[in-house]
Number of protein chains: 2
Amino acid sequence: MRTRPLKVALLGCGVVGSEVARIMTTHADDLAARIGAPVELAGVAVRRPSKVREGIDPALVTTDATALVKRGDIDVVVEVIGGIEPARTLITTAFENGASVVSANKALLAQDGAALHAAAEQADKDLYYEAAVAGAIPLIRPLRESLAGDKVNRVLGIVNGTTNFILDKMDSTGAGYQEALDEATALGYAEADPTADVEGFDAAAKAAILAGIAFHTRVRLDDVYREGMTEVTAADFASAKQMGCTIKLLAICERAPDGGSVTARVHPAMIPLTHPLASVRGAYNAVFVESDAAGQLMFYGPGAGGSPTASAVLGDLVAVCRNRLSGTTGPGESAYAALPVSPMGDVVTRYHISLDVADKPGVLAQVATVFAEHDVSIDTVRQTGKGGEASLVVVTHRASDASLRGTVGALRKLDTVRGVASIMRVEGE
Amino acid sequence: MRTRPLKVALLGCGVVGSEVARIMTTHADDLAARIGAPVELAGVAVRRPSKVREGIDPALVTTDATALVKRGDIDVVVEVIGGIEPARTLITTAFENGASVVSANKALLAQDGAALHAAAEQADKDLYYEAAVAGAIPLIRPLRESLAGDKVNRVLGIVNGTTNFILDKMDSTGAGYQEALDEATALGYAEADPTADVEGFDAAAKAAILAGIAFHTRVRLDDVYREGMTEVTAADFASAKQMGCTIKLLAICERAPDGGSVTARVHPAMIPLTHPLASVRGAYNAVFVESDAAGQLMFYGPGAGGSPTASAVLGDLVAVCRNRLSGTTGPGESAYAALPVSPMGDVVTRYHISLDVADKPGVLAQVATVFAEHDVSIDTVRQTGKGGEASLVVVTHRASDASLRGTVGALRKLDTVRGVASIMRVEGE
């Protein structure tokens, strides 16, 4: 074994960073044996240097992250700051100064992944980021390496623990969205400002990363259709139950049936209770992958938290250190397929639509005519009426999002339709 | 991209081999893009050369596997023959002649993994074998790479699809073992001689491989305790249901609580219906991994079959080809921890024991005394009697296998105990 240690600079020492530092210390012998050389924490960049950090030598702590990544003797920079800047500049500076990079930064990778990969390739260094998607669950490596000889057609997953906790709570207790969110906040599953989670921004960043790897195509955050889950109601869950379904916030990356394009989207959807994703409880994450040869695979585990995310960071750290010792780099960006990313209007799926309608003869015929005119085929209709008012629940066969939007627009113009109470996609069949 | 192709020799062209060859042909462009060079099928060794093999150039087919691996221009040998010989000799010959090896051979790896890894290291070549455990499910790579910075404490899995199909059938229909086996055979899930599956040999080989990787320790097939599932009865399932459990054939690899030793075993066990493994249906496989930092992860998918196994083989083929192009090798055997493998007697778990006893006063006291004398603490007892005969179902707290065996031996000597109807371990809590 080499005795000269590999030097690691840690950018950020919050929930994840402090756990990375702790494991690097407590498991130093194991890491050395698995890498083939010891690893040494050479510096820790933080914002608040006065904070006491147990187990970290204060002499290593600095507020000057730029000077740390420019030192020139750093082998690997571990970036767990998050956000776009200064993380982006620090990572490119790290490459320019000969370091490899391990990052957990989903927002940055989804927005600027191509530029970061280019910087890594230019410097002939590694950029690894298993921790950016679904915490400790190995996903990037299985998609990028285990399935490298297969053709992935679909990635369907629960990739945000906060929203899964809220939806699971609504499902199991009948609570409304606000009540479930309040509980998630009280328990620390939701942040004070939950926007990034509940509006689907976090899941959309992960969808962009997963779609890019799965389809060997650059998919940016802007390419991902996004709908949050703040408007899911207890009534939606009741409707879902009647269909033998539950509701999850899903990230869905699909190859078009003809193989010529891909789509990526995040939105709440009904899925059958028999689908393995339906039983993913609390803040857990799970991702379903469908490929030509392997068939259906599922990866399940804790999607966030200091320790699980640190586990993923350290797995990458071992791989990157091994690559440096053998003078090579792992698989970089694979975007050779360069498939076009189709707009949401092209997505084909099923829909569950609740309409408030006038309770009089001929309404169903009117509504059915509108669906037919827009080429949306109806699977089932359920009509419940009471004294002048009625509700109509329509479940469609597969139709494009554009056709569905056209249908709904036309339905709103009917005198007999008083309102469209909810529209929800039905997935996982 | 390099234009000179990497040459692949395929040993075996059955269900898996023919699918590997097919995908190599139909996905040639994708494989080339992902590897960075084209791959070429340079030869196919078979037993029956006269058989027509669609899509394979007859000029490539040979019965002389030894000559093929000795050719000297082969980059990667893909071994999908199975069994110990000639596979073992062919693989070592391949290394001696400069090739890397991708194998799906669980029996050989479990029996002679150390020697094969040594031959690979001696030749400075890769030995990859993702397909040897749980078909298409990425397990070897996540354990060996994604969790390389973590400490795995337990691997608990359903790694044999045939037995899971049979047990699932017994559970859902109330069928007995023979009836369920007959259906599995008729549907092609069980072989004409099902011994390797139903007696747990196949699962034990996989347990040895998984334990070795998880604990960085050599674990041989002989180190794995093995009990088949041919004696599981409909009555056992009825008992399991009363406890809110089902029965699965599990492969369990555990680190002792003090970290100083490991165990590996295969046997049927009750697991709670709430455990994610309980809902693994039909011939699917799933493996639960528990580690210090990552927590609980699960990997789920098809555990066998031509296409899924070929997917795993091809993922390895891409990795091995990439390594050759960059003049390096991937992670080899990691056995530095060299932990002792403890015998079954040291395993600590819970037990569900059904006794046929005389229906008279004092029997429960006698039985309870025997448990106490052997330091096995009782959790619950259920007594059902009718006219002279009674049955006593005892569920214990955690106790060592040795203590439990001592208890059962002593129970059998009691006049009032007419027989021990069943003993089943309770796992997954």
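Quick reminder: no glycine exception, Cβ is built from N, Cα and C everywhere.
Automated prediction, rather than curation, is the source of TrEMBL annotations.
Quick look at what TrEMBL annotates:
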type	residues	note
ACT_SITE	A:Lys206	active site, proton donor
BINDING	A:Leu11, A:Gly12, A:Cys13, A:Gly14, A:Val15, A:Val16, A:Gly17, A:Ser18	NADP(+) binding site
BINDING	A:Lys106	NADPH binding site
BINDING	A:Glu191	L-homoserine binding site
DOMAIN	A:352-425	domain 'ACT'
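Feature map: annotations from TrEMBL on the structure.
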residue: A:Leu11; record: NADP(+) binding site; DSSP class: strand
residue: A:Val16; record: NADP(+) binding site; DSSP class: helix
residue: A:Lys106; record: NADPH binding site; DSSP class: helix
residue: A:Glu191; record: L-homoserine binding site; DSSP class: coil
Least buried by Cβ count (within 10 Å) of the binding-site residues A:Gly12, A:Gly14, A:Gly17: A:Gly14
Helix-strand-coil residue split for the domain 'ACT' (A:352-425), DSSP-based: 23 helix, 35 strand, 16 coil
Alpha-carbon spacing, A:Gly17 (NADP(+) binding site) to A:Lys106 (NADPH binding site), which is rounded to whole Å: 15
Length of the line joining the Cα atoms of A:Val15 (NADP(+) binding site) and the residue listed as 'L-homoserine binding site', in Å: 14
Where A:Lys206 (active site, proton donor) falls in three-state DSSP terms: helix
Euclidean distance between Cα atoms of A:Lys106 (NADPH binding site) and A:Gly12 (NADP(+) binding site), Å: 15
Averaged pLDDT score, the domain 'ACT' (A:352-425): 92
Fewest Cβ neighbours within 10 Å, where candidates are the recorded positions A:Lys106, A:Lys206: A:Lys106
Local Cβ density at A:Glu191 (L-homoserine binding site) - other Cβ atoms counted within 10 Å: 13
When distances run from the Cα of A:Leu11 (NADP(+) binding site) to each of the recorded positions A:Lys106, A:Glu191, A:Lys206, the nearest one: A:Lys106
Candidates A:Lys106, A:Glu191, A:Lys206 (recorded positions) - the one closest to A:Val16 (NADP(+) binding site) by CA: A:Lys106
Spatial neighbour of A:Glu191 (L-homoserine binding site) that is closest, considering only the recorded positions A:Gly14, A:Ser18, A:Lys106, A:Lys206 and their CA atoms: A:Gly14
For A:Lys106 (NADPH binding site), the one of A:Cys13, A:Gly14, A:Ser18, A:Lys206 that lies nearest, given that the recorded positions are compared by Cα: A:Lys206
Alpha-carbon distance [A:Gly14 (NADP(+) binding site); A:Lys206 (active site, proton donor)] in Å: 21
Neighbour count (Cβ, 10 Å) for A:Val16 (NADP(+) binding site): 26
Check: same-chain CB within 8 A of NADP(+) site center, minus A:Leu11, A:Gly12, A:Cys13, A:Gly14, A:Val15, A:Val16, A:Gly17, A:Ser18: A:Leu10, A:Glu19, A:Val20, A:Ala21, A:Val80, A:Ile81
Among A:Leu11, A:Cys13, A:Val15 [binding-site residues], residue with fewest other Cβ within 10 Å: A:Val15
